[in-house]
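According to TrEMBL, the feature domain 'CMP/dCMP-type deaminase' maps to 16-143. As annotated by TrEMBL, Zn(2+) binding site applies to His67, Cys97, Cys100. Per TrEMBL, the feature active site, proton donor maps to Glu69.
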Amino acid sequence: MPDPTVQAVQEAPSGSAEGRYMGLALAQAQLAWDRGEVPVGAVVVKDGEVIATGFNQPIGSHDPTAHAEIVALRAAAEKLGNYRLPGCELYVTLEPCIMCSGAMMHARLARVVYAALDPKTGACGSVVSLFGEDRLNHHTEVVGGVMAEEASALLKAFFVERRNAARKPAAGRE
Ligand SMILES: [Zn+2]
């Protein structure tokens with residue numbers, strides 16, 4: 001069911017600012033993959049400048065809250081010396097979950113731009129639509145679908161590799 005509050009973007013024109021920031025978020029996602037974590041990455045942008053980055057790392061950091069968005073929000077708040085992030089935008093390669101959407105609302109983030117949809121935990125329309133809930137007072141604009149193909153291709157490749165690795169008997173290597 002399409003979410004009327006989410007502005008769908010077919011694809012960011014190459015060379016656009018949105019495409020460039022999402023490209024940086026994808027590079028963060030790759031860092032997560034390199035550490036065996038589900039590849040999701042995020043960057044926080046203020047006045048056209050990337051002020052913080054984050055990648056998904058709940059396993060390595062023994063922290064269920066260490067999603068890419070939370071890591072990036074924490075780094076941005078630290079950098080600005082402010083628990084609120086007005087005027088900031090967050091680019092993330094996967095539709096944010098309930099926890100991350102809630103954190104963005106508390107941060108008074110101006111805008112979130114995500115790439116791929118997450119049909120299992122997405123809180124921007126896929127499972128629930130927190131930003132479409134008028135009873136929640138928030139200041140965050142939501143845009144979805146920027147470089148969605150690239151982001152979902154990365155996730156699919158990761159899960160294929162992980163399945164193949166699980167199937168391979170340890171003794172049979174080489
Ligand atoms: Zn999350």
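Including glycine, each Cβ sits where the backbone N, Cα and C put it.
From a predicted model like this one, the values you see are computed outputs, not experimental measurements.
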(message) To the nearest Å, how far is the Cα of Cys100 (Zn(2+) binding site) from the Cα of Glu69 (active site, proton donor)?
(response) 6
(request) Taking the recorded Zn(2+) site as His67, Cys97, Cys100, identify the other residues of that chain whose CB atom sits within 8 Å of the mean position of the site's CB atoms, giving them in sequence order. (result) Ala68, Glu69, Ile70, Pro96, Ile98, Met99, Ser101, Ala103, Thr121, Ala123
(message) Validating a neighbour-count step here. Other CB atoms within 10 A of the CB of Cys100 (Zn(2+) binding site): how many?
(response) 28
(request) Across the whole of the domain 'CMP/dCMP-type deaminase' (16-143), what does the mean pLDDT come to? Round it, please. (result) 97
(request) By DSSP assignment, list the helix, strand and coil residue numbers for the domain 'CMP/dCMP-type deaminase' (16-143), in that order. (result) 43 helix, 31 strand, 54 coil
(request) Would you find the one among the recorded positions His67, Glu69 whose Cβ has the most company, meaning other Cβ atoms within 10 Å? (result) Glu69
(message) Same chain only, sequence gap of 6 or more: which residues have a CB within under 8 Å of the CB of Cys97 (Zn(2+) binding site)?
(response) His67, Asp118, Thr121, Gly122, Ala123
